[in-house]
Each structure stands twice: as structure tokens, then as C-alpha cells.
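Trainee: Handing you this structure, nothing more for now.
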Amino acid sequence: MQLVLMAAVLALAEVGCFGCHLKNVSIPMERCGQRVCIHTTICEGLCFSEDAVFESPDEAPEHRVCNGDWSYEVKHIQGCPESITYPVATNCYCSACNTKDTYCTRLYAHIPSC
């Protein structure tokens, strides 16, 4: 029974508290002297990645990171000629880290548990 439970937990780990997923966030901004709150979605979470004990210069392990598909929306503020264009994540997924647009290195930090 414990083996079945552990297998189920591991299978669900990708969608658990650390899995790559959409998250609603609010970002305070100021335009034309008015303070507005932008409500959008971002991608957050961790993806499975191997971190070898021995680092070979010939073969680096593939680092997987939480990426997403994005679109942009525009918020118009009444009485203000300036609008706010902001990104909105529409889908999140784990993919190989691309060094052209992402800082791909080890994470030396304490990761709290759920």
C-alpha cells in the first residue's frame, strides 16, 4: 500500500505545489498620476532537473525550467493618454533551459516545503 501511495505522490508531483503552473498576480503601476493595479498571470514553479554530482565538461545535464506561452494585453486608464501594455501567461510547461534568453545555472537556495 505504501508503494502505491508513493507512486501516486510522485506522479502528481509535477502538478503539486512546486510544479510549473499559472499563477494570478497583481502588479501596482502608476500612469498620469494615477495608481492602478494590473491583474495578470505568470508562470511559476519548479521542473524536474538532474544535477549531477560530477560535472563533466563534455556533457552538461539538461536543465529544465518553467516557461510559458505569452500574449500581451493593453489597459487604458480613463483620462490618461498613456496606456499600459503588459504580458499575460496563457500556458505553462517545463522545457529545456535556453541560454539565449534565460540564466541557466544551479540554484543555491533553501526551497521551503508545502
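For all residues, glycine too, the Cβ spot is worked out from N, Cα and C.
As annotated by Swiss-Prot, signal peptide applies to 1-19, with the evidence given as sequence analysis. Taken from Swiss-Prot, the feature disulfide bond applies to C20-C66, C32-C80, C37-C114, C43-C92, C47-C94, C97-C104. The annotation N-linked glycosylation site is assigned in Swiss-Prot to N24.
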Trainee: Closest of the disulfide-bonded residues to N24 (N-linked glycosylation site), Cα to Cα, picking from C32, C37, C94, C97, C104?
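Mentor: Given the candidates C32, C37, C94, C97, C104, the nearest one is C37.
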Trainee: Can you figure out which of C32, C66, C80, C94, C97 (the disulfide-bonded residues) comes closest in space to C43 (disulfide bond), comparing Cα atoms?
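Mentor: The answer is C66.
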Trainee: Sort out the sequence-distant neighbours of C104 (disulfide bond) for me: same chain, 6+ apart, CB within less than 8 Å of its CB, listed by position.
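Mentor: Result: H63, V65, C97, N98.
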Trainee: For C92 (disulfide bond), which of these disulfide-bonded residues sit within 10 Å, Cα to Cα: C20, C32, C66?
Mentor: C20, C66
Trainee: In angstrom units, rounded to an integer, how far apart are the Cα atoms of C20 (disulfide bond) and C32 (disulfide bond)?
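Mentor: Checking the Cα atoms of C20 (disulfide bond) and C32 (disulfide bond) gives a distance of 36 Å.
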Trainee: Among all protein chains shown, how many Cβ atoms are found within 10 Å of the Cβ of N24 (N-linked glycosylation site), not counting that one?
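Mentor: For N24 (N-linked glycosylation site), the count of other Cβ atoms within 10 Å is 8.
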Trainee: Distance between C37 (disulfide bond) and C80 (disulfide bond) at the Cα atoms, whole Å?
Mentor: 15
Trainee: Just name the winner among C80, C97 (the disulfide-bonded residues) by count of other CB atoms within 10 A of its CB.
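Mentor: Buried the deepest by this measure is C97.
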Trainee: Which of the disulfide-bonded residues listed here (C32, C66, C80) have a Cα atom within 10 Å of the Cα of C47 (disulfide bond)?
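Mentor: Passing the 10 Å Cα cut: C66.
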Trainee: Compared by Cα position, which of the disulfide-bonded residues C32, C80, C94 is the closest one to C66 (disulfide bond)?
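Mentor: If we rank C32, C80, C94 by Cα distance to C66 (disulfide bond), first place goes to C94.
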Trainee: Which state, by DSSP, holds the residue listed as 'N-linked glycosylation site': helix, strand or coil?
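Mentor: The three-state answer is strand.
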Trainee: By the count of other Cβ atoms within 10 Å, pick out the sparsest of the disulfide-bonded residues C37, C92.
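Mentor: Result for the disulfide-bonded residues C37, C92: minimum number of other Cβ atoms within 10 Å at C37.
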